[in-house]
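The S-adenosyl-L-methionine binding site annotation in Swiss-Prot covers 91, 93, 97, 132, 155, 210, 211, 226, 227 and is backed by similarity to another entry. Per Swiss-Prot, the feature domain 'CheR-type methyltransferase' maps to 17-282; the stated evidence is sequence analysis.
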């Protein structure tokens, strides 16, 4: 039983300052997951359940509320919904993460695509705050191929997409970025942050997209989806890889994170082109 001893008010909501914390029954968590999908379209059941439960209950502890009270907060105030979406999705990234793999794209894979394509179509799936698609765009500029390239960048989280479109980053996002790229493609702001130049931004199109629910575009030459799929349940992972394969042109490439492997890649019509880079052969 929860005892209400005193309350504090934040915005329109009252929070119990002496909330008696308890472990919530599993059925309350499952109810919450279903309500979130029904009301907001976020399918949490395809994520690893312990990760979702842990992150949600950290927010419940923060506000000293239960699942039902918290759902009411999400419905009535977009600020809490944005915070929840940010906690549930994966938004930790940097420019040129695992740089040796990006140099393989620059030196071999993108030139190979360009040789065989009049127009190049790339997709950064689960793009977070934009570091990944902008990394791609920088490589395209370095190869003087921006005139024939379109980069689609998608994420489920509207908040991070807004940050991506703004294109302003803290210095810590550039730990793997060559100095010449930083000087050539970014403008340093008075507060020490960096803003991506418009010449890079203009070939990237940002769009909200739910990998688990929304239809996929077709005929991509390259799909980059790194450190996103690891958070999904095995069934959802397999379905995503199948849909990525269907979205690629024959000969197209799928670039995944350095902790991700597609064990049934042959069944999906892939070959291992390089470690963590798969090529569609069917």
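Each residue, glycine too, has its Cβ placed from N, Cα and C.
In sequence order, 125, 126, 154, 156, 228, 240 constitute the residues six or more apart from residue 211 (S-adenosyl-L-methionine binding site) in its chain with CB-CB distances below 8 Å. Ranked by Cβ neighbours within 10 A across all protein chains shown, the binding-site residues 97, 155, 227 are led by 155.
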